[in-house]
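All remarks here apply to the structure that follows.
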Amino acid sequence: MADMQNLVERLERAVGRLEAVSHTSDMHCGYGDSPSKGAVPYVQAFDSLLANPVAEYLKMSKEIGGDVQKHAEMVHTGLKLERALLATASQCQQPAGNKLSDLLAPISEQIQEVITFREKNRGSKFFNHLSAVSESIQALGWVALAAKPGPFVKEMNDAAMFYTNRVLKEYRDVDKKHVDWVRAYLSIWTELQAYIKEFHTTGLAWSKTGPVAKELSGLPSGPSVGSGPPPPPPGPPPPPISTSSGSDDSASRSALFAQINQGESITHALKHVSDDMKTHKNPALKAQSGPVRSGPKPFSAPKPQTSPSPKPATKKEPALLELEGKKWRVENQENVSNLVIDDTELKQVAYIYKCVNTTLQIKGKINSITVDNCKKLGLVFDDVVGIVEIINSRDVKVQVMGKVPTISINKTDGCHAYLSKNSLDCEIVSAKSSEMNVLIPTEGGDFNEFPVPEQFKTLWNGQKLVTTVTEIAG
């Protein structure tokens, strides 16, 4: 219920922002100015994008329902906020510096809402759908780029495809609406790329005339419900600077420079220090001297007297090892060395998340295994008919006893993959990872270790780019 309440509150805040956007007056030239029917072509083109691929994405998300639909509503809010910014840019000149950041803040906040939703729903059966959206929603930030935003959107689209490919693999022969959902979602970003190329090739096209867009409050000119109290009145002016102090400092500096300008003759005023005047030669001087005086402390602004508030203890998530539908969830296990899953079926998958210093054995034949955000994990399994994926992890060791067609390593530092004799034809697919090693069994029962290449060389051969592994001589 608490999660549902949080979701409702987030949606209410987003709706409030949109309502405020639609009511802001023209004289403020604010973020939410609604253009007239005669909107500039690039606003009309964005409306077309909302009415076609975005509408289809919302329709398919509603058919799937659940977390996918909730996520889509958040994405839709972000796109409508972006549309409001485009309408403002078509009527106003670009503000400078912090003022522009204020205009972009609602979009940035909505992007973070979308990402946070995925993080809070890692146990969702639609986790791959949520991840595809979460990894690519930052494409809405193209409006903040000063040059060539199109390639940035393409990069975000490619990030989404890493997860949409999983959705296709899981649902292609099971439920066609998930395939249509993937097609609709990716088309948003491909059409946005074409839109940017046509209207905003070198960045968001602001109006050359009209007033400068002012600081975005996202609120009507009058007070609104939920607005904070007025700011406190300014404090008293600072006391006048003492002129005598300034003259004293000036005189001191003049005297100092006069001494420096003496050059080597300044040493003539120095007095010889005999041994009986040195504390390390005459211990009696130490007893006579008082406490050592420290030099003047550098100036620091006075700090307000506030009582330190204790930091809230980090909430530790409960450890899980359970079968939820067709998914084995192994989460938040720490310092456990005897975890075993032995009642497996071919259609089941395993999702291993945030396990630290833990060993897990999966017996029997299973569809796929995903290792996400784990450290010092040891995984032993018999047979996997699909893929074993290691993501966002560190120091992971996996060993196949039977057969596996593919092992994918992504954003991982330190991964050892021990293959069996029956899995020597396994494909190792890696990206953004380091310290990867594949261990091949020998006749004597030992393993030979082979590092996976991490450094490459790319050349243009006149027609295409050719990439080869770079051999580094030891």
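Note that the numbers count up from 1, one per residue, in the order the chain is shown.
Glycine too: its Cβ is placed from the backbone N, Cα and C atoms.
Taken from Swiss-Prot, the feature compositional bias 'Low complexity' covers 217-227. Swiss-Prot lists 228-241, 299-311 with the feature compositional bias 'Pro residues'. Feature annotation from Swiss-Prot assigns SUMO1 cross-link to K347. Here Swiss-Prot flags 312-452 as domain 'C-CAP/cofactor C-like', drawing on sequence analysis. Feature annotation from Swiss-Prot assigns N-acetylalanine to A2. Per Swiss-Prot, phosphotyrosine is recorded for Y31. Feature annotation from Swiss-Prot assigns phosphoserine to S34, S289, S294, S300, S307, S309; the stated evidence is similarity to another entry. The N6-acetyllysine feature in Swiss-Prot is assigned to K80; the stated evidence is similarity to another entry. According to Swiss-Prot, the N6-methyllysine annotation covers K286, on the basis of similarity to another entry. Sequence annotations record features per position, and here Swiss-Prot assigns phosphothreonine to T306. Residues or ranges marked as region 'Disordered' by Swiss-Prot: 215-253, 277-316.
Helix, strand and coil counts from DSSP across the domain 'C-CAP/cofactor C-like' (312-452) read 3 helix, 86 strand, 52 coil. Set side by side, the recorded positions K80, K347 differ in how many other CB atoms lie within 10 angstroms of their CB, and the most is found at K80. Confidence for the domain 'C-CAP/cofactor C-like' (312-452), expressed as mean pLDDT, is 92.
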